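Peer 1: First, the structure itself, so that you have it in front of you.
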Amino acid sequence: ALETLKMFEKKDSRVKSAAATNLSFLYYLENELAQASNYADLAVNSDRYNPAALTNKGNTVFANGDYEKAAEFYKEALRNDSSCTEALYNLGLTYKKLNRIDEALDCFLKLHAILRNSAQVLHQIANLYEMMEDPNQAIEWLMQLISVVPTDPHVLSKLGKLYDNEGDKSQAFHYYYESYRYFPSNIEVIEWLGAYYID
C-alpha cells in the first residue's frame with residue numbers, strides 16, 4: 001500500500017494531498033509518528049482544506065501529547081467539513097484528555113445525532129456522565145449501548161457496578177451474572193458474585 005501511494009506523490013496537488021493523507025494514516029497505524037507527521041504536513045500543504053489531512057495532523061500531535069494543538073487541527077478540519085466525524089470524535093477525546101468534560105460531552109452528543117448506533121460514541125457518553133458523577137445518566141446511556149452490543153461483558157459488568165453503587169443489588173446481580181456468562185474469567189466479576197451468594 002505504501003509503495004502504491006508513493007507513486008501518486010508527484011501528481012497534481014489534490015491527488016498528492018489524498019495520497020499523502022493515506023500515507024500519513026498508514027505510518028500512524030505503524031506507530032511511525034515522525035513519518036506520519038511529515039506526510040500529514042505534505043497533505044495539508046498540498047490542500048489546506050482537506051479535513052482528513054488536518055485530522056491526521058491532529059492525530060500525530062495528539063500522540064505526542066500536545067492536546068491543545070491537536071484540538072486546533074480538529075477544529076480546523078470541522079470548519080472545512082462540519083460532517084467530518086473522525087475530527088469530531090477525536091476532538092471529544094482531546095477535550096476529555098484536557099479534562100474539559102462539558103465540551104467533550106457536547107462533541108459526543110453531536111456525534112450521536114449523526115451516528116445513532118455507534119457503540120464507541122455511546123460508550124464515551126456513558127463514561128463522561130460517570131466522570132461527572134451522574135450515575136443515572138451513565139446507566140441510561142449504557143442501556144442504549146447494550147441494545148447495540150448485547151453480549152459485551154465489559155459493558156454488562158460496568159452496569160452491574162453502577163447498580164451496585166446505587167444500592168440496587170438485584171439489578172447489579174443481573175448484569176454481573178450476564179457479564180460472567182459471556183466472559184467467565186473476569187476475577188472482579190467472580191469476586192462480586194461470590195460475595196453476593198455469601199450474603
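Quick reminder: no glycine exception, Cβ is built from N, Cα and C everywhere.
The repeat 'TPR' feature in TrEMBL is assigned to 51-84, 85-118, 119-152, 153-186.
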Peer 1: Are there residues at least 6 beyond the ends of the repeat 'TPR' (153-186) whose Cβ is under 8 Å from a Cβ of it, and what are they?
Peer 2: 123, 126, 130, 135, 138-139, 142-143, 145-146, 192-193, 196
Peer 1: What average pLDDT is reported by the model for the repeat 'TPR' (153-186)?
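Peer 2: Average per-residue pLDDT within the repeat 'TPR' (153-186): 98.
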Peer 1: Take the repeat 'TPR' (51-84) and count its residues per DSSP category (helix H/G/I, strand E/B, coil), listing them in that order.
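Peer 2: Summed by class, the stretch gives 27 helix, 0 strand, 7 coil.
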